[in-house]
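Participant: Checked TrEMBL, it gives:
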- 240: active site, proton acceptor (ACT_SITE)
- 48, 147: NADP(+) binding site (BINDING)
- 177, 181, 215, 235, 330, 335: substrate binding site (BINDING)
- 11-186: domain 'Glucose-6-phosphate dehydrogenase NAD-binding' (DOMAIN)
- 188-475: domain 'Glucose-6-phosphate dehydrogenase C-terminal' (DOMAIN)
Ligand SMILES: NC(=O)C1=CN([C@@H]2O[C@H](COP(=O)(O)OP(=O)(O)OC[C@H]3O[C@@H](n4cnc5c(N)ncnc54)[C@H](OP(=O)(O)O)[C@@H]3O)[C@@H](O)[C@H]2O)C=CC1
Ligand SMILES: O=C1O[C@H](COP(=O)(O)O)[C@@H](O)[C@H](O)[C@H]1O
């Protein structure tokens, strides 16, 4: 097998893991099917598990068959795969990798994808640098770094210092796959390709914003990693949910370039008011699903939260006084990511007592599974009487039958193309750590165990605490709760 002129090798550290199995290899397969991978691109999986090339190819084939639709291109894809067994903490592994790169004629362009636990990132970077694998002598070398970037602010800073010793910023791709989701990118299009929202998109008209990510699965075989290095705040809120918040709240960027987008996102993240940890119980809620403690790999008495809810304020001109409520959890009732924007009520209730007129307008944006945009408004019930009801205006994005590309497909291709627009800049990451670190620190000092919630529920009742004494409640789905009531 050889690599050609503009071709490259995709080296995946952690190829046997959950992320590589469920997202990276299927995404590379889709790119292969779409003809996006040059004919001689090779994909090297690395892990400690003792596969040979043949057993690895058989393993991936078996996994892909269950994960992707259609296998017409499977044989061709499988031919691209190779495997190198070894521990990332063993210097000998990097020597073997160096030899593999040389033997396979891939000296020109190599992508190193860190799909391992963040505590290995510094060691891998040093290991690659020590054998000269990060030097761009003829082609390019790119490093993709999975989230979370570090474990907290100090470890993110240490990681950045280590990366800077060996890599230029243009070689670093800090990935947050939510930014690669088409429905998340649609937030930008919705806001900045249309004029109808902009006049309302501020503290004068918006009462509050909810950002929800819920999953039905539990820690899904990742308990030992999740329990040690995860927790809902670090796993989801520090990265994905704060990115969604930044896209919702940012000012229009001057262009679509990577730097223009990142400039605006970072301004939002830096404007987030530090959470008052002396009032933590009303600003943040953490909980664990019942049964978590019994999962294999979870430390006895673990306080790691599988659910977190957080109230944040963006202290800038546009958003002063508008709460943003973020929540995420595993083992919940439904799998869904969505944004719910609640507008302020009409200043005068002209149709009081005649139906739904006192209800606020909502803009509901589905990220997944539905990539939908719906506006809840009040309208007259047809007929002789002046009665009102709430109805939904639906501007859903994809049509039935349209294939939705997975976020990783676009992101993995962007790395090949050298397009960093959808990857995070270091200052975005540090600003996000500054938001969540004080909360996580306060939780780590709290001797009380997290609250518990039943599997399959919507989390602890106490998650309503973040709403204070307002009448706000969490929206669990895109369905309009009051529409039927309005019709009755
Ligand atoms: N899973 C997901 O949905 C997502 C995960 N991420 C991030 O991706 C990264 C990986 O997550 P995930 O795949 O879930 O984790 P897993 O625990 O499932 O996989 C970890 C991988 O690392 C390998 N590994 C662990 N220690 C070593 C070592 N010393 N030397 C060599 N290989 C090692 C394991 O291989 P082996 O056992 O063969 O050594 C395995 O392939 C994390 O940073 C996570 O935050 C990001 C987004 C989504
Ligand atoms: O980064 C992560 O994301 C997944 C959820 O991703 P999605 O695209 O399926 O919504 C989450 O399960 C995982 O714990 C986390 O590390």
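Even glycines carry a Cβ here, placed using N, Cα and C.
Unlike curated entries, TrEMBL annotations are predicted automatically.
Could you place the listed features in the three-dimensional structure?
Facilitator: Take the CB of residue 240 (active site, proton acceptor) and look out to 10 A: across all protein chains shown you find 23 other CB atoms. DSSP assigns residue 240 (active site, proton acceptor) to a helix.
Its own atom aside, the Cβ of residue 147 (NADP(+) binding site) has 21 Cβ atoms within 10 angstroms in the protein chains shown. According to DSSP, residue 147 (NADP(+) binding site) is assigned to coil rather than to any helix or strand.
With a 10 A radius on its CB, residue 181 (substrate binding site) counts 25 other CB atoms from all the protein chains.
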Participant: Can you tell me which of these recorded positions sit near ligand 1, meaning the Cβ is under 6 Å from at least one of its atoms: 48, 215, 240, 330?
Facilitator: 48
Participant: If the substrate binders are 177, 181, 215, 235, 330, 335 per the record, what's the largest distance between their Cα atoms, in Å?
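Facilitator: The substrate-binding residues span at most 20 Å between Cα atoms.
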Participant: Where the criterion is a Cβ under 6 Å from an atom of ligand 2, which of the binding-site residues 48, 330, 335 meet it?
Facilitator: none
Participant: Looking only at C-alpha atoms, tell me how far residue 235 (substrate binding site) is from residue 48 (NADP(+) binding site), rounded to the nearest Å.
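Facilitator: Given the Cα positions, residue 235 (substrate binding site) is 24 Å from residue 48 (NADP(+) binding site).
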Participant: Within a 10 Å radius around the Cβ, which one of these binding-site residues has the most neighbouring Cβ atoms: 48, 177, 330?
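Facilitator: Within the set of binding-site residues, the most crowded position is 330.
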Participant: Sorry to bug you, but what's the C-alpha spacing from residue 147 (NADP(+) binding site) to residue 335 (substrate binding site), rounded to the closest Å?
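Facilitator: Cα to Cα, residue 335 (substrate binding site) and residue 147 (NADP(+) binding site) are separated by 21 Å.
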Participant: Report, in whole Å, the straight Cα-to-Cα distance of residue 177 (substrate binding site) from residue 48 (NADP(+) binding site).
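Facilitator: That comes out at 25 Å between the alpha carbons.
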